[in-house]
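Peer 1: One structure coming up, written as structure tokens, with questions to follow.
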């Protein structure tokens, strides 16, 4: 056991050492290949320029190789694989796309994903904003924020166990040990098997992600709220606006950009939601979403890389507008630099 | 407390409502986690008979016991008497009521002698001691009675002992550490060098690389899985090595964390004061030295932010682990183990809750100790999709 930990720490040390060695050695090699000698002014300046031209690529090299192998190449390969058969051998044209278009499971997943997209980002942003506004006004607000923020640190699998226990159902006359059913029965209702109620079970799964992500929205929005210039609020107070009007007409418009960022960030997360569905229902009872369907096809019956690639591309297509927007934004920011 | 909030307090909602609603939210957010924490330290029989919210008041159970064997009866004052305790088999608790028929397990009160007919009477005290007496000799098997017993809350770490040893969570914990430690540290160095090059070195193609990195931040992991799985299998076949190795997942996590790392660190490093770099350069320092001696120490807050992100992401990851690592004991990480337990131990909440708590304790500790850096990182890099 400790041998394994030791080997992990060893790998870390060796890995860091090799990385450091690479950068150090490549720098030395550069100085050897393009030497700067006293007396040879023209040669020295030419070599200095050459060094300056090569050095960025030495610094960037490992990162670019990793990005290339693990992200850029797979994106292209997945696109190509989507036109091939299940084993990735024979070209099948648009057959996989046609399959997706007519497949009931695929349509179900798209529908559920749209449902998630409609509910989760909105709910997280709304609760996050409300909690940010409320906690900013009380002396123990930071403690409250910490607690709402805490689920961010919990894995989706861990959170699924936590919530599965809340949704637990026990048949017959057994005492309900799941909190939700205990509340329902104490109010005189009948206990329900929440996670196998078609359609509504999607919402019970969404609650888990909302529970996790509201803290994120709260932290970002809270920082934005603190950045609002005081004068604008003072002016509104002098004009006789009430708290409600100040919130909706003065504060919200000023943090609109941040709200958009929070919304899109959670949207991307929702598109990739996988762990929660896998652990709660594994897509049963009409809860399948795209990421799970894709994973399912990756391994079902030995795996179908073509269909699975098509599903991955649908997720990719959905994030592309956000991606383009981010790149534009980054270019605009970098313009001044 | 900013001046804004002071103003709002004067004009906004009454303070009490704010306090109460925040308190409600906090309770709502805390209760789910509290539920598994409390359940994980309860007795496994109590978990199935009562909700965890009753854990501190004890639970009430109905059970059947047999009284003493007729052979142990003694003659006292013309009567045959059997005495003893209903808790002789090691159980504890407080008897609330008892009965002789299963239909009415709580027919009689404790502490009173009850006439059972045919000259037989029975007294059971709250502490479990009983006196059974009869005018004639007892016959047949020991008498069966039904008890309503309240069991005091008992808490123990037994469930943790069980999951750590026999359910393999201990090994999974080690495996998670094995995956996480290198996968957190190694990307920092690689991305820091890249971020420095993208901030302070002039070369053509810089803007393009920055744009690609920003674009890659949001590329879904799903796009990478199929080609990489094929690539790993091919490499495994060609070189005759296993395709699911720790080295494989370290590289995968390093690469998947790279776009955000470069983006976060570049934002920070590009914002470092230009004068420091230039004066160092005038003093004859090479880029390598500037990076090592100036940039790296100054960027500590950004490095820490990213390290926390990467740690939480790798530790909590399930998808990459189940695709790139095996499911054997020597490679199963905590999230994978917990997922497997959900399948095999679906109703055993003493196992699931203790296991869940083991998987979330490390990230929670990191979270509460280093929250400051985490918040800073979030604010700096909120274009990332998680």
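Glycine residues also receive a Cβ, built from the backbone N, Cα and C atoms like all the rest.
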Peer 1: Suppose you had to name the range TrEMBL annotates as transmembrane segment; which of A:87-106, A:147-166, A:167-186 would you pick?
Peer 2: A:147-166
Peer 1: Look over the recorded stretches A:6-25, A:57-84, A:203-225, A:308-327 and say which has the most C-beta pairs under 8 A to the transmembrane segment (A:114-135).
Peer 2: A:203-225
Peer 1: In the same chain, which residue numbers or ranges, 6 or more beyond the ends of the transmembrane segment (A:147-166), come under 8 angstroms Cβ to Cβ?
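Peer 2: Cβ under 8 Å, 6 or more out: 131, 135, 178-180, 195, 204, 207-209, 211-216, 218-219, 274-276, 279-280.
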Peer 1: Considering only Cβ pairs under 8 Å, which range in A:6-25, A:246-271, A:308-327 makes the most contacts with the transmembrane segment (A:57-84)?
Peer 2: A:308-327
Peer 1: How about long-range neighbours of the transmembrane segment (A:246-271): same chain, 6 or more residues beyond its ends, C-beta under 8 Å?
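Peer 2: Contacts of the transmembrane segment (A:246-271) (Cβ under 8 Å, skipping residues fewer than 6 from its ends): 113, 116-117, 120-122, 124-125, 128-129, 133, 209, 213, 216-217, 220-221, 223-225, 227-228, 232-233, 236-237, 290-291, 315, 318-319, 322, 325.
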